[in-house]
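Inspection log for the structure reproduced underneath, given as structure tokens.
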Amino acid sequence: MGPRAMSPMWLQGLPQPGQAGTAAMVSCETSVSPCPPQERISQWHDQSSRYSTELRDFKNQVLGMLEAAEKEREALRAEAEGAAVRVDRLEREVDYLETQNPAPPCVEVDETLMDKQVATAKQRKNEKYTKLTDCSDTIASVRAMKILKRFGSSSGLWTKDAAGSSEKIYVFDGTANDTVYVFPRMREFTLFSATRKAARIKLPYPWVGTGHLVYDGHLYYIRQQGQSFQVIKFNLANKTVVDSSVFPAEEQIPVFGLSPSTYIEVSADEEGLWAIYATKEDEKNMCLAKLDPASLDIEQMWDTPCPRENAEGAFVVCGALHVVYNTRLPSRARVQCVFDVSGTLAPEDASLVYFPKRYGSHASLKYSPRERQIYAWDDGYQIIYRMEMKKKLEV
């Protein structure tokens, strides 16, 4: 065998016969040597095309999901609107049924009660009430309801001065406290969520219940002292006690069956000041007294036929006591018993007034004779009821 032929040095770096194209088939990604610019550009285009395809597929998938969610939202909105329409129709039907089927009369007719009322009437010096004004209106219906805000605890009361022209709002939070919050106007009370913007009045004695009243620049509030109850007359201008009087009723009990903390409800109407209360002597029904706002003397007293059971509040309008009833499980409150001290309103002519559906049970109801509306406290919500009035039909 002859000597092996040697390749020239300049041929040793090229592919040998039978290996042509092998180096060209090696991917630029795995090659150690730098890729040519054309190859890198080709790879970038391939990757961009692949990423664009994936992004487009993902976008189409998200759009499909959004369309499905929008269809579900529209379906739920349609169901909610349909449910609201059905609920509104049901409430109208309930209102109609309640109007057509009024609650049973609150007056129990028995001989014992009649004999007692006759005996009490004979003992009174001045049985017939002499009206001070020509007010002859009674409530026909609740015309509107406005929920102002939620403030404080579940029980309390808020009101304006029932006789003066002041626009101040007085807030009594709770059934046992000694600090009254005073807001300059309704706007401040509505807007401010905290009490830092309100003035505070520290009372000399704590109050009990929710039967208090602001009348002609004075606060009339109830203080419990042992087994007796006092009406305190407090001057709001100079922050002093003007007068106080022990309420002349023995063995008092809560006046409202659904508000056990209130023993005396001080109310104001076009005729002046009134006190609503109850005693063990006739524990089934309420009593009414006419107060002298100057001296706190009792001018006249009445035994009413309005029962305490299931009562949640009461107020006086044009000399007629209106008692609001509810149930142990709060439902729709209603004025179910009206007692007119002047005898100008027959019981059968009094309207059965229903309040709009609310959150719970009223803790207080304060009638404003100058505004013809009621300031109510309902489970911590402050509500205004505007009343529709009508003339009394004389007996």
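Backbone N, Cα and C atoms are what each Cβ position is placed from, and that goes for glycine too.
The stretch that TrEMBL tags with coiled coil, taken from the ranges 59-100, 143-184, 353-394, is 59-100.
Model confidence over the domain 'Olfactomedin-like' (134-391) stands at 91, taken as the mean pLDDT rounded to a whole number.
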